[in-house]
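Since the structure comes first, as structure tokens, the remarks are kept for the end.
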Amino acid sequence: MTTKYIFVTGGVVSSLGKGITAASLGRLLKNRGMKVTIQKFDPYINVDPGTMSPYQHGEVFVTDDGAETDLDLGHYERFIDINLNKNSNVTTGKIYSSVLKKERRGDYLGGTVQVIPHVTNEIKERVFRAGRETNADVVITEIGGTVGDIESLPFLEAIRQIKSDIGVDNVMYIHCTLIPYLAAAGEMKSKPTQHSVKELRSLGIQPNVIVVRTEKPVPEEMKEKIALFCDIRKDSVIEARDADTLYEVPLDLQAQNLDEIVCDHLNLSCQEADMTEWKSLVEKVKNLSGLVKIALVGKYVALPDAYLSVAEALRHAGYAFDADINIKWVDSEDVTAENVAEQLQGVDGILVPGGFGDRGIEGKIEAIRYAREQKIPFLGICLGMQLASIEFARNVLGLEGAHSAEINPDTPHPIIDLLPEQKDVEDMGGTLRLGLYPCKLKNGTLAQSAYNDQVIYERHRHRYEFNNQYREQMEAKGFMFSGTSPDGRLVEIVELGDHPFFIASQFHPEFVSRPTRPQPLFREFIQASLRK
């Protein structure tokens, strides 16, 4: 079967939910028996988001093969239940880097290198590569940004050309826009959508479907107006209303026959999507009977998207126990030894996620101490594991000034030190220990019980690691190293035996959690928090 290509663009404003729309369509097509892959094109000039501030970009999502990518890839993986790779997130920086390397090699035979055709050809190659390497029936490509952005123009030109390259029956364009509701006038306005589509058509792209984000139901006469002015069928104007849960969106789109419209346009002969299991999930999510309050102690809590996968993994674990998750976002800069009890009052569990830099470090350490001393269930991730080790060294072993060499290079007790292979690394971007690595679990530990396995594979993103010079004396005081690299050299999981639930991992377990298959450490953490 010829691979089909679907392009999802956005207009009017950003953050309309293009990623959720693309992921939801991917789930519907997968449930129709199609093999689906999905990718995101980001128009920024950074090679990847690895060195960008979370306030600029949200979380960095890490794939199995170690790519640092856009957070939308997390949505893709969770919705479609597939593992993506480095080719699933393409930036302008990657495109230009590749074009310039080819120019230096002489691949263009002395020609003048231009946006058209050289840059656009490189973009098209990344689209087609996704289909070739996965042997997918359908490739869904989300174009980041909004129509009209100067940065997006080469990407839009490239996807325009693809229709001519492979034929109209093999390409589909879905455009996401906004229909604002003006409270003062008491009416909805279609003009922004009309102008956005006009802009898109001026670039040579006629959308086949328009997905309109709206707070209120769109009247039939407005759908007719949009269809008329934008030259599409009325049934191809799809409503994307705010949902109680993200996981309801595929069902809302299916109810409006989006997957049927796509299959008809692309001449896809496939079964109807069986969404029985998905409907059961949504029904469960909307009717949770329990409640658990988790404190997430971090320094980027003003932007929850910085911890998006962590929050979703907590919710997935909650679904398994019929419990809603109430996340208390605690700014670690506000936590002190004097107010930690007040800051964490009434929580059932404490989570310290990953991060970099020294801001808010002492507040996180105080939160960990409080969890350890008050026997409150605790889960640490990446930096959270490192700080749990430092807290124990300071307050149980009495190693004054114990710290991480990342935060204090002159510490007398570098509990956390640079990985040996990192000592000569100068570049910051793309040089961390990234991606999927094995971890050997110790029998009789909380970690081994959670996974019910001997060797596990989890995704990593770090440059510093536990210093083995302190392993023996910390073990003597009850600090357990329950997971290590297969050769025993790198510490992967630590835990406390005399605590109801205290465990921390160097890896990022949140990246592999799924709504119907919660990650084991999160599952056990929520179960312990419910018991508290």
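Cβ coordinates are placed from backbone N, Cα and C, and glycine is handled just like the others.
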Of ASP70, ASP72, ASP81, ASP305, which one shares the ATP site with SER15, LEU16, GLY17, LYS18, GLY19, ILE20, ARG241, ASP242, ALA243 in Swiss-Prot?
ASP72
Would you identify which residue of SER14, SER389, SER404, SER449 Swiss-Prot lists as part of the CTP site it also attributes to ASP149, ILE150, GLU151, LYS189, SER190, LYS191, PRO192, THR193, GLN194, LYS225?
SER14
Which residue of GLY355, GLY357, GLY435 does Swiss-Prot report at the same L-glutamine site as TYR55, LEU383, GLY384, MET385, GLN386, GLU406, ARG463?
GLY355
So among GLY355, CYS382, GLY384, GLN386, GLU406, all listed as recorded positions, which is physically nearest to LYS191 (CTP binding site)? Use the C-alpha atoms.
GLY355
Students should find that the Cα atoms of GLN386 (L-glutamine binding site) and GLU142 (Mg(2+) binding site) sit apart, in Å rounded to an integer, by 36
Work through the recorded positions one by one (TYR55, LYS225, CYS382, ARG463) and name whichever has its CA nearest to the CA of SER190 (UTP binding site).
LYS225
At 10 angstroms around each C-beta, which of the binding-site residues ASP72, GLU142, GLU406 has the fewest other C-beta atoms nearby?
GLU406
Minimum Cα separation from GLU142 (Mg(2+) binding site), reported as the residue among binding-site residues SER14, ILE150, PRO192, THR193, LEU383 that achieves it:
SER14
